[in-house]
Amino acid sequence: MKALRAVSLANTAVMLLAVLWGAWVTSSDSGDGCGASWPLCKGTFMPDWDYAAIVEFGHRVVSALAGLLSVAVLVWVARVRPSETRLKRLAFGTFFFVVLQGGLGAAAVLRPQPDLVMALHFGFSLLCFTFALLVTVALGQGERAAFQRPDVSAQPVAPGLRTQIWGLAVYTYLVVYLGAYVRHLGASMACTGWPLCNGELIPPLYGPVGANFAHRLGAALAVVLVLRLWWTARRLTERDDLRRGAAWALALMAAQVASGALFPLGYLNLLTQLLHTGLITGFWGVLSYLCYLTLPVGRETVAVSA
């Protein structure tokens with residue numbers, strides 16, 4: 001069983017690498033590095049390598065490795081844990097979104113897609129990472145991971161808190177999608193200065209400036225919602241996992257906002273964009289973990305108040 005968890009952990013790490021590499025492709029405008037050719041690069045296995053081709057083809061290799069590991073985990077789970085429906089669904093979810101992600105990537109190469117569609121590419125990559133992470137978490141629960149008390153899962157979560165966490169997850173996904181759209185639109189610098197946009201409290205609400213400003217407003221509300229979640233969770237003395245998860249979510253959200261503020265202040269480069277992507281991926285991972293913790297585990301006893 002430890003071998004299965006090791007493979008699942010490797011899959012999670014490769015998924016994270018694929019997310020970051022995809023951000024590298026977008027940030028460096030290397031999506032056309034292999035031309036209109038897929039799965040080959042410029043119509044061959046060994047093209048004339050340039051920077052864009054290396055970045056794009058490297059992303060394909062990492063994504064293919066993620067796909068192979070997802071298949072391995074899915075088959076392994078089905079064979080050794082056939083009675084655990086939730087675990088099998090998580091493993092299948094990983095495989096499903098990897099295939100969907102690969103198909104969307106291939107479509108983008110073979111036929112140019114609008115920015116609204118291209119933004120889905122990053123959103124699906126986050127879901128790939130999410131399911132891979134939760135498979136690893138689920139496998140670790142049987143071994144009583146070090147960050148949990150043995151009795152922690154015996155304390156169910158009140159419906160109000162569950163709704164709060166899942167609502168934040170859905171809202172965050174929409175804000176992330178909007179951020180991906182801003183990047184594909186080339187509007188990351190449409191608002192200069194921070195926190196004002198081009199020196200205005202309310203800039204024109206259309207075009208690249210409007211999209212960028214909408215993302216800022218969405219992120220600001222996300223901060224408020226994360227603060228509310230942390231304030232609620234800090235009182236849950238029976239659930240150390242929820243309290244720590246909410247604290248991590250708050251810390252990562254604060255870092256994410258700071259990294260986003262670097263763009264309009266003149267620090268828009270590959271490093272800061274990868275940092276921004278890495279932080280939101282980490283935040284999303286923590287939030288997904290919190291969602292997982294709200295799922296019922298066995299018989300409910302005493303509800304945790306929100």
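Heads up, the Cβ atoms here are built off N, Cα and C, so glycines get one too.
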Membrane side match, D115 / R243, Swiss-Prot record: no
C34, C128 - which one Swiss-Prot pairs with C41 by disulfide: C34
Candidate in C128, C197 joined to C191 through a disulfide, as Swiss-Prot lists it: C197
Chain-internal residues, separated by at least six, CB under 8 A from C197 (disulfide bond): C191, P203, V209, N212, F213, R216, P264
Interface check, the transmembrane segment (6-26) with the transmembrane segment (117-137), three or more C-beta pairs under 8 A: yes
Close approaches to the topological domain 'Extracellular' (269-277) from elsewhere in its chain (Cβ under 8 angstroms; 6 or more beyond its ends): 19-20, 23-24, 27-28, 183, 188, 256, 259-260, 262-263
Assigned element (helix, strand, coil) containing C41 (disulfide bond), judged by DSSP: strand
